[in-house]
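Trainee: My questions all concern the structure below.
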Protein chains: 4
Amino acid sequence: MIIKTQVVIPSLVRVKPGAIDRLGLYLKREGHTKAMVVVSQGMIPEYLDRVRRGMGEQGVSCIDWIEIGEASFETATKLFTNVRKETSAMIGLGGGKALDVAKYVAFLGRLPYYAVPTSLSNDGFSSPQSSLTVAGRRKSLAAALPSAVVVDLDVCKDAPRPLWLSGIGDLASKLTAIFDWKLAFHQVGEPVDDFAALLSDATVHQFLARPSFDLEGAQLLASSLMFNGIAMEICGSSRPASGSEHLISHALDATSARPRLHGLQVGVATYLMSLVQENQSERIDGLFNETGFWRQIESDPFSRAEWRSAIEIAPTIKDDFYTILSQDGAQAEAISLLDRDERLKACFGP
Amino acid sequence: MIIKTQVVIPSLVRVKPGAIDRLGLYLKREGHTKAMVVVSQGMIPEYLDRVRRGMGEQGVSCIDWIEIGEASFETATKLFTNVRKETSAMIGLGGGKALDVAKYVAFLGRLPYYAVPTSLSNDGFSSPQSSLTVAGRRKSLAAALPSAVVVDLDVCKDAPRPLWLSGIGDLASKLTAIFDWKLAFHQVGEPVDDFAALLSDATVHQFLARPSFDLEGAQLLASSLMFNGIAMEICGSSRPASGSEHLISHALDATSARPRLHGLQVGVATYLMSLVQENQSERIDGLFNETGFWRQIESDPFSRAEWRSAIEIAPTIKDDFYTILSQDGAQAEAISLLDRDERLKACFGP
Amino acid sequence: MIIKTQVVIPSLVRVKPGAIDRLGLYLKREGHTKAMVVVSQGMIPEYLDRVRRGMGEQGVSCIDWIEIGEASFETATKLFTNVRKETSAMIGLGGGKALDVAKYVAFLGRLPYYAVPTSLSNDGFSSPQSSLTVAGRRKSLAAALPSAVVVDLDVCKDAPRPLWLSGIGDLASKLTAIFDWKLAFHQVGEPVDDFAALLSDATVHQFLARPSFDLEGAQLLASSLMFNGIAMEICGSSRPASGSEHLISHALDATSARPRLHGLQVGVATYLMSLVQENQSERIDGLFNETGFWRQIESDPFSRAEWRSAIEIAPTIKDDFYTILSQDGAQAEAISLLDRDERLKACFGP
Amino acid sequence: MIIKTQVVIPSLVRVKPGAIDRLGLYLKREGHTKAMVVVSQGMIPEYLDRVRRGMGEQGVSCIDWIEIGEASFETATKLFTNVRKETSAMIGLGGGKALDVAKYVAFLGRLPYYAVPTSLSNDGFSSPQSSLTVAGRRKSLAAALPSAVVVDLDVCKDAPRPLWLSGIGDLASKLTAIFDWKLAFHQVGEPVDDFAALLSDATVHQFLARPSFDLEGAQLLASSLMFNGIAMEICGSSRPASGSEHLISHALDATSARPRLHGLQVGVATYLMSLVQENQSERIDGLFNETGFWRQIESDPFSRAEWRSAIEIAPTIKDDFYTILSQDGAQAEAISLLDRDERLKACFGP
């Protein structure tokens, strides 16, 4: 007997220009002829056509084609109850919400899940959780990694710049997350997985070494985000990808009048926490400067009052999760930096 | 780094008289102070009191106490959305429906799940699936094994006789299930897991050797059913526990005007299929005779018409699942046995 | 990617009369055409012929045929350096020594290993260790479970009675081993695996329920010993199979002028420790009485002086291994029982 | 019960200047107070002193201190038989031979193994195999990954240049290895693990982006080689690290009058095979040019006759291992390139 205890990591990974045209081929090769597709509302029609054509040419029929505008547990379970018996694969196509819903429906039904992001705005396309609202409150629900990741670099390269920048912000957060993890080791003995930390670090530096908005930049960003999502699954913890900066972003999601893109919030919080941590702030500042991240934030500044409140709420967001914000004075320091640091001052309205 | 890929099998197993009084203690020892309890509608009040008292004495508070009358996916997901944040353990107390719902809610929320069956009517209390209706149709949904199994032998000993007999019928079905599995190997090359088959076989014979309705009988039945549920998880397939006899029972669930207890249906189907398989029919007959299983069935006979129809539907229930019923003539043989075999004749009304 | 972390448990298990005639067939089916065979010195020629004939008929050639008289690490590594490149399977045929050597050579070379015991004198045929001498001292070296277990019940049924009784003694030891495990939990917090303990218990009772020296007895003994060996692998500890009674036997192996069969030593030590534990002594006595185990021991009694010394050495054999012998007074009690208990008195010469 | 099936990947990883001074501290923290140390013959005395001093200050005693001049299975098993009972950790300190022997002794004895390379000449310091001679023939024996990897960047930075260049050659080989893997997929259907391939690729490019012989270069090379060794363990195959270029190097090891450093042979073979594959030859040439790899080879050229013969033997080295050399004409093409390509011409004497 073989006891089956496999960590299933995406077995099909295609990161290249034109990948969405070949999605049908990838499905066909794995023996799928009937798929359910969940797409983002407002998706560019050309992309839909290309996916449809590719599937058609390979004889893969799309037995359901669902547009998703919001990512809720209730929507996902409703969809699950309607999955047709003959469905053999689930496809998530588009942005975070469509992908989170598709991932969760596939998880409930134990269906192979193909993640096909059209932008690289965060690491969710290859993470083992789904971010869904449950009874109106956003939660991160346990799910499974996709069995296939298909990233069309041409498509992602042409994604709106704010989405790119969001992905860059999410990637930068690994630097403060790893710092918080090591801090938790020294302060409360939480075990650090050296290898996962190293992998997480390495993936960031890969992109940092040459940030650009061309095909090569998209490739580096895609693989960096993907390794990161997978690192979480491998070590069974969100620690390699998420620290105090994510707590602030979660707090904003719960309280802000108008939450922004995940990675934009996270990126600013990363810079802020790096100052409190005294950890690579210049490097982060340089990256944000070079890529236009700062300009993006300045063009639509955050509310200083909301951030003050978010910093206060942040440490209560997760139980037993030590970060720099658990230390005396760290919250006060962070709040005062909103008014003192030149970069940050430009990021906030009243 | 340690890559976490553990098959988690119940780590706490208590099979003894008075176990429900100690449930609070078991929770406390594992560090749980706030639990949600899902109980069967109509549960004997004394049992509820004993569980409550035991929890109270240990300072474990029950933050939700839910009565369940039907086991549906919709009920389970609704409950999940209402799980309070401070809940650290989920308890299923009573019969199959309460346990299936509790197991699924715990699975969605990644909560430790304590299965506390008050009867031994089938192997569901330690299986990795939940049997729930989805949009009105009964399905077996992927979930996880309980992290704790607490069987109070006194309570189970005093369970109504039909529930006992249902458990015995479900246990007997392993004999025909294993036969079907080996048949599938010889006919279509489906790999048989010798070890799982042997474990499944061994557990049945343990009870067959001394079937009785006393404490020892309850202990043997409980451990036999439990090993069986776990065998499925270990080998990643329902094959060691389910063959053609289960297909017939599933067909009855979907079509019968009044489906009976799972194990009563399964037990009769087991005897029927054993005749078609020419496999240990006398042994099964002897067990059913000695334990009063036949008398129970005769006291409330099945509908012959419904069974004829169920035998016809059975092979279509699962895709790619070869059993004796996949063979030419087997269905006709089974149908004719309903009228020819003396034992079976007594089991059916018109 | 699929991270491969499988616990490989024997995938081919054949426990039936005439199995050695079919060994060639089993090898052939798995694609092996060239095997190395390690056999016990003095093996009954008929058995060798039958294995050879079966292999020949299936076109499986035996490219090396090694006779083993002693089980040492040095012999095993020497054999390993001589394994021919084309060898695709390793067979151990006969008694414990041949099987331990074959298992270890297979482990070093990552070859599929077929265990073909000709008696059931202990649980080594399906355990994940090899008992070998290293520089003259017996040790239990980490190896792997066999990939196939082939037990010819006719052959094992005809094995000399002392070998049978040794197997029965080894099986009985699970009762004291489980007791010691639970004791270690209560005294020093060593975690007990309830499920493994239950499986270990269940396998003993299966045989206890009907001990006999016929085909059915051989079948029960074989499967009980096999489940036990596998339980160790599954829970990653020798605890379900080995407690204070094994420590005494190990001490005897290291110091006795003439060590006896493993299970004979272990059986007597089991009865002795059960008295100290006040744990099921009558049950064990009954089993040993009924099967002639006591008569066997009495026909060739142990040295009382050696046992006294072994009991004194026993607690030092393994580090961090709490048993009843770790308790104050337990050793003295055990030693005095050698002179006081009627059963034991008959087991010892001066 | 938790079934233990973990892939153990180094849980302690320290890659930084001065790490060897802290080895004692790392041992102490994990609870080790008695270690066995296997060191390379001719190791720089200062390094030995620093390790000894660090261990002494932490109260970790070195109970055996073994110098190793050759890496044979026979030496390793001999050492194993002499491991003292109280040894709780094994340390390999120095070059490949010492590390291969220490790794194997630790594997046989299930001891935690600390790999402390003093140069980065290949990926063996974090691979799951040991390269040992067995009866005089070099083989790659199954072992386990180290539980700790301690790389002192200052020490590795100061390693002789040829060792550095060997590491660079070994790293470059991933480019041709991945190509061969994908070729094997298209030609004979061998499954490619996209993720492992991507990880392997990513690690090479990390170093390619900035090859240098300073601390940062050492860090990049160390982590690249380490991820690579680990990728093999994770996907259970040597494919991500080894293709046709390694076959040629293995053939040279078996036949050459004077085999060179593993990575020097592999590097030249990598460039050669990249020409046959028409795969990134310029990139490899650029790397070898920039780092002085070519100059190193030219200073001590290979024997053209030996390489011709090695290319002919290469495809027979491993069974069922498809590479570009399995294709018609590929060997002839490779042999002719030795005389035609300008770079290669300079690498060979007669």
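Our numbering is plain: 1 for the first residue shown, then up by one each step along the chain.
Glycine is treated like the rest: Cβ placed from N, Cα and C.
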Trainee: Among D:His205, D:His246, which residue shares the glycerol site with D:Asp123, D:Asp170, D:His262 according to TrEMBL?
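Mentor: Glycerol site check in TrEMBL: besides D:Asp123, D:Asp170, D:His262, the record includes D:His246 out of D:His205, D:His246.
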Trainee: Distance between D:Asp100 (NAD(+) binding site) and D:Asp123 (glycerol binding site) at the Cα atoms, whole Å?
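Mentor: For D:Asp100 (NAD(+) binding site) versus D:Asp123 (glycerol binding site), the Cα atoms are 11 Å apart.
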Trainee: Considering each pair of residues in D:Asp123, D:Asp170, D:His246, D:His262, all listed as binding glycerol, report the largest CA to CA distance in Å, no decimals.
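Mentor: Across D:Asp123, D:Asp170, D:His246, D:His262, the two farthest Cα atoms sit 13 Å apart.
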Trainee: For D:Asp170 (glycerol binding site), which residues in the same chain are close in space, meaning a Cβ under 8 Å from its Cβ, but six or more apart along the sequence?
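Mentor: Expected: D:Ser121, D:Asn122, D:Asp123, D:Leu225, D:His262, D:Gly263, D:Val266, D:Gly267.
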Trainee: Looking at the binding-site residues D:Gly96, D:Ala98, D:Ser119, whose Cα is closest in space to that of D:His246 (glycerol binding site)?
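Mentor: If we rank D:Gly96, D:Ala98, D:Ser119 by Cα distance to D:His246 (glycerol binding site), first place goes to D:Gly96.
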Trainee: Would you count the other C-beta atoms found within 10 angstroms of the C-beta of D:Asp100 (NAD(+) binding site) for me?
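Mentor: So the Cβ neighbour count for D:Asp100 (NAD(+) binding site) comes to 26.
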Trainee: Let me know the largest Cα to Cα distance in Å among the NAD(+)-binding residues D:Gly96, D:Lys97, D:Ala98, D:Leu99, D:Asp100, D:Thr118, D:Ser119, D:Leu120, D:Ser121, D:Ser127, as an integer.
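Mentor: The two farthest binding residues have Cα atoms 16 Å apart.
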Trainee: To test your reading of the glycerol site: which residues beyond D:Asp123, D:Asp170, D:His246, D:His262, same chain only, put their Cβ within 8 Å of the Cβ centroid of those residues?
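Mentor: So the extra residues in range turn out to be D:Asn122, D:Gly124, D:Gly169, D:Ser173, D:Ala241, D:Ser242, D:Ser249, D:Gly263, D:Val266.
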Trainee: Given a 10 Å Cβ-Cβ cut-off, pick out the one of the binding-site residues D:His246, D:His262 that has the most other Cβ atoms nearby.
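Mentor: Most Cβ neighbours within 10 Å: D:His246.
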Trainee: Please state whether DSSP places D:His262 (glycerol binding site) in a helix, a strand or coil.
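Mentor: Once the DSSP labels are grouped into three classes, D:His262 (glycerol binding site) ends up as helix.
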Trainee: In the three-state scheme derived from DSSP, which category covers D:Ser121 (NAD(+) binding site)?
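Mentor: Once the DSSP labels are grouped into three classes, D:Ser121 (NAD(+) binding site) ends up as coil.
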